[in-house]
Amino acid sequence: MADSQPLLGNRADDYGSTTAGEDGIIERIPTPLGAEEEEERGEDIQDGVLRIEAVSRLWTKRGLMIAYLGIFFMAFTTSLEGQVTYSLSAFAVSSFNKHSLLSTVYVVQGVVNAVIKPPMAKIADVFGRLEAFSICIVLCVLGYILMAASRNVETYASAQIFYAAGFTGLQILQQVFIADTSDFLNRALFSSLPDSPFLVTVWIGPAIAALFLAKSTWRWGYAVWTIILPLAFLPLGLSLLINGRKAEKLGLVPKRRAMSTSSSADNKKPSLSTAARNLFQELDGIGILLFSLGLSLILIPLTLVSRSKTGWHDPHIILMILSGILLLVLFPLWESHAPHPLLPLELLKSRTFVAGCLLGFFYFAVFYIAVQPYLYSYLLVALNLPVTSAGPITQTFSFASTIAAIAASLVIKRLGGEPRPKPWIVFGATIYTLAILLLLHTRKRGVSEPVLYTAQMFLGAGAGLMHVATQLVVQAAASSSSNLKGRNRHQHVGVATAAFLTLVQVGSAVGSAVSGAIWGRLIPGKLREYLPEDAKGEAGKIYGSVREAVSYPWGSPEREAIARSYQETVEVLLWVALGGKGVVGVVAVGWEEEGLKGKKVWFGCF
């Protein structure tokens, strides 16, 4: 039966004999690895990688369809949750009279998103995909609980650490799972699957958020996901669990070694200290610390500049940034000698890989300067749009980027042969630039909603084309035989994907920090300048709460002054974003597809 064949063309002679199951479906019975083969393959390959390779031998088309359906359920749930809570976040921080700290919340998310990707990919390699997925679900649920129960902005911001770690972990693990179970050309299409729910959720999410605000509170908009997300994870979780158990019964899964030394010749259980040391080594604990601390010490001070009386002259801020730079310089030096490097040095030597990461960093930084986190507030306050209109406009970016990414993926798959992502990247960068210029045109009173949608559409389309093509070429650089030098190709695809998505999130954190610094410097002064004399004393409250800002009647002198302050500040943000977009254009035009020329790259389950 066609349904019994493993997806993506596994060969029968590779994986043993076949037999008919109880339901009449022909199942492959892989031949267990012999001791010599296991020793030869397993010395340098971590347990999670060996386990997913064993599980991949057992996938049938039906099994993978169920697993990918589970990926879609999770993606739809997290996408809808993101649309709902995005529309609620401004009201959440405003309930604490801290609307100005919205950018700080985004920076906290960005920092956590950036530092959690490589460790989560490493955890998936060491322990397994199922275990890593489960950890992320628990972190998300904990974050939802803390946000729903928060009574101050400190608790709300702290909750972002757990939420962002879990949410971002799910993102990278979905892409890693897709890389595990797809070939190169199909991966361009399948990697867009987690983004496809945006086509629907972008329109219904803001409406649900408005319903929460009208009928209940923003807190319930977070609490409901503590139940919905675990239920959505069940299909994928059960698929991985069942196939894992089946692989164990067939002797395909090697004994776990993460908690024991590879040189141990006996069967004695290692001591707790030995187990902890081995685990720390397997996870490249020193590399994680250098990387995460370096990023944190650079990014977090960016959120503090506008709150410091001396600004960039504050010695504490300068010291933190210099310390972060030093740690990031030490990071590649350590990785070159690490027994289990977080980021293999071969990838750092690849110009294609580095250029892809730089491109991801800059185009996301531009987006978070131009759009996030204050466009939504701008639409509510300066243009007097309701939540049901402001939400879809801001999230049209996600809708357009998803459409563009899927379209590019289909064309890449249809063309076949040697992939050429660069034309898509250059075309996307061009559209991205035009979108920023159009956004500048929309920053005026009386602009129509269709024009706002169009600007966001162009911005999203450009980002979608760049993102899917860039991620594709980064993964190709990781799996290229010239880069891996004969090593197992599964071993580094996860961390390479994580590194790319990490730089994307670093860009978002930097962009949020820049927008927050500009917002914090300009808005208070403009409010004090433009508000009528009898309202100048309310400038602090207006600055701190979007609810306070929209409470003034539309057309009143106070509301006109508030709208003017927002409009002029957002215009400055857009000019800064346009300057950053120039770097995107240079990188897009200047890089070379060194890892793809003359090759057909295939990796994953083959």
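Every residue, even glycine, has its Cβ placed from backbone N, Cα and C.
Taken from TrEMBL as is:
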{"type": "REGION", "residues": "1-22", "note": "region 'Disordered'"}
{"type": "TRANSMEM", "residues": "63-80", "note": "transmembrane segment"}
{"type": "DOMAIN", "residues": "63-597", "note": "domain 'Major facilitator superfamily (MFS) profile'"}
{"type": "TRANSMEM", "residues": "128-149", "note": "transmembrane segment"}
{"type": "TRANSMEM", "residues": "161-178", "note": "transmembrane segment"}
{"type": "TRANSMEM", "residues": "220-242", "note": "transmembrane segment"}
{"type": "TRANSMEM", "residues": "286-304", "note": "transmembrane segment"}
{"type": "TRANSMEM", "residues": "316-333", "note": "transmembrane segment"}
{"type": "TRANSMEM", "residues": "353-371", "note": "transmembrane segment"}
{"type": "TRANSMEM", "residues": "391-412", "note": "transmembrane segment"}
{"type": "TRANSMEM", "residues": "424-441", "note": "transmembrane segment"}
{"type": "TRANSMEM", "residues": "453-474", "note": "transmembrane segment"}
{"type": "TRANSMEM", "residues": "495-519", "note": "transmembrane segment"}
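Taking every listed stretch (128-149, 220-242, 391-412, 453-474) in turn, the largest tally of C-beta pairs under 8 A with the transmembrane segment (161-178) is reached by 128-149. Spatially, the transmembrane segment (391-412) is adjacent to the transmembrane segment (453-474); three or more Cβ-Cβ distances between them are under 8 Å for residues at least 6 apart in sequence. Sequence-distant contacts of the transmembrane segment (353-371) (same chain, at least 6 residues past either end, Cβ-Cβ under 8 Å): 106, 110, 347, 394, 397, 425, 429, 432, 436, 439, 456, 459, 462-463, 466-467, 470-471, 473-474, 477-478, 483, 496, 499-501, 503-512, 514-515, 573-574, 576-577, 580-581, 583-584, 587-588, 590-592, 595. With Cβ pairs under 8 Å as the measure, the transmembrane segment (495-519) is packed most heavily against 286-304, out of 220-242, 286-304, 424-441, 453-474. Counting only same-chain residues 6+ beyond the ends of the transmembrane segment (220-242), those with a CB under 8 A from a CB of the stretch are 55, 63, 66-67, 69-71, 73-74, 76-78, 81, 84-85, 88, 129-130, 133-134, 137, 140-141, 144-145, 147-148, 177, 208-209, 212. Listed as Cβ neighbours of the transmembrane segment (63-80) (distance under 8 Å, sequence separation of 6 or more from its ends, same chain) are residues 6-7, 167, 170-171, 174, 177-178, 181, 190, 193-198, 200-201, 204-205, 208, 225, 228-229, 232-240, 243. Confidence annotation: the domain 'Major facilitator superfamily (MFS) profile' (63-597) carries a mean pLDDT of 80 in the model.
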